[in-house]
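*Asks:* Reproduced below are the annotations present in Swiss-Prot:
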BINDING   V72, E232, S285  creatine binding site
COMPBIAS  96-110  compositional bias 'Basic and acidic residues'
REGION    96-123  region 'Disordered'
MOD_RES   Y125  phosphotyrosine
BINDING   128-132, H191, R236, R292, 320-325, D335  ATP binding site
REGION    130-138  region 'Internal MTS-like signal'
Amino acid sequence: MPFSNTHNTLKLRFPAEDEFPDLSAHNNHMAKVLTPEMDAELRAKSTPSGFTLDDVIQTGVDNPGHPFIMTVGCVAGDEESYEAFKELFDPIIEDRHGGYKPSDEHKTDLNPDNLQGGDDLDPNYVLSSRVRTGRSIRGFCLPPHCSRGERRAVEKLAVEALSSLDGDLAGRYYALKSMTEAEQQQLIDDHFLFDKPVSPLLLASGMARDWPDARGIWHNDNKTFLVWINEEDHLRVISMQKGGNMKEVFTRFCNGLTQIETLFKSKNYEFMWNPHLGYILTCPSNLGTGLRAGVHIKLPHLGQHEKFSEVLKRLRLQKRGTGGVDTAAVGGVFDVSNADRLGFSEVELVQMVVDGVKLLIEMEQRLEQGQAIDDLMPAQK
């Protein structure tokens, strides 16, 4: 939980080694990188808004990690965190994002015309398609550190901007605190709304303070374009629909996102972005594009195949269970998406998903016929 600077000053009365957390049983990126020497060097620092090293690492201290999934173990509290604590963040970013160096520059491409194909993924296998990203509004602290007033100001700004969308993007805002328990649960079950703040990662980072104050969901009339407000990021922008037309989903995503950015600019606000890290978000795992393009895909045979994980790795894809991270695949249905966020453009990431999913379907069809898939094994992308 974010503490005041006064409390951080009090901690400095103790020697650095007395304050260093016990990370001996941890499996996360932060624990891998943070040394007592680095801690001693950074512990007295804070960003202009007062975010400290302890605030950055607390979620990773409290959540040692998952035996099979390497969690990140740290968060940013404001745009300046990535610079103030770069000795910690840079190696984590390099480790998490496939060797992305502090000198590398990120590229952005939100032109859906540059996507090749993607409008014909077989709906017998692809049940739904979805593209999401996050955006942070410059000048405000991020959710682990923002005050109630900041959070409410972000909500007000976002709702004003979104209410100007028209055509097939026109919709309305639903504040969490004005929903009934049943309405919330229905939206969560239908994969439209973020979960209640039960995740220890969310709780330990301070993101769930004052819940549900100033949180909510905005969506268009047919629920194909959604914006979550003040969950893990200021904004999460989502385009989704049933079936396999990823091109249509991505086109709506790009158009909506571009319009939202223009609306914010007209109110003299911009999104946090820099040439090195791309779009700045709360979790280092989402830096760059913040983009996750995914499909719910039926792979009952390939999902049981010993080479499934290797195939995904070579295609730079990752799988989750039907209900998201840490859930089981029900009825052979997996959530398959791009593994990368940083160092590739939005179009490149969606292209990897489109091309990869076509190959996964081809492999599934082979296995249905009882045939081998060895000759279809892809090279490492």
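Using N, Cα and C of the backbone, Cβ positions are placed for all residues, glycine too.
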*Asks:* Measuring Cα to Cα, tell me the gap between V72 (creatine binding site) and R236 (ATP binding site) in whole angstrom.
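*Replies:* Counting only the Cα atoms, the answer is 19 Å.
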*Asks:* Taking DSSP three-state, what's R320 (ATP binding site) in: helix, strand or coil?
*Replies:* strand
*Asks:* What residues elsewhere in the chain lie close to the region 'Disordered' (96-123), defined as a C-beta under 8 angstroms and at least 6 residues from its ends?
*Replies:* 29, 72, 86, 90, 129, 243-248, 250-251, 253-255, 257-258, 275-278, 284-285, 287-289, 295, 340-348, 350-351, 354, 357-358, 361
*Asks:* Residues other than V72, E232, S285 within 8 Å, Cβ to Cβ centroid, of the creatine site?
*Replies:* T71, V75, L201, L281, T282, C283, P284, N286
*Asks:* According to DSSP, folded down to helix, strand and coil, what is E232 (creatine binding site)?
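*Replies:* SS state of E232 (creatine binding site) = coil.
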*Asks:* Expressed to the nearest Å, what is the distance separating S285 (creatine binding site) and D335 (ATP binding site) at their Cα atoms?
*Replies:* 18
*Asks:* Far apart in sequence but close in space: which same-chain residues, 6 or more away, have a Cβ under 8 Å from R236 (ATP binding site)?
*Replies:* R132, T133, G134, F194, V227, W228
*Asks:* I'd like the per-state residue tally for the region 'Internal MTS-like signal' (130-138) from DSSP, helix first, then strand, then coil.
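*Replies:* Going through the region 'Internal MTS-like signal' (130-138) residue by residue, I get 0 helix, 7 strand, 2 coil.
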*Asks:* Sorted by position, what residues of the same chain at least six away from E232 (creatine binding site) have a C-beta under 8 A from it?
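*Replies:* Once residues fewer than 6 apart are set aside, E232 (creatine binding site) is near G134, P143, F194, L202, M207, T282, C283.
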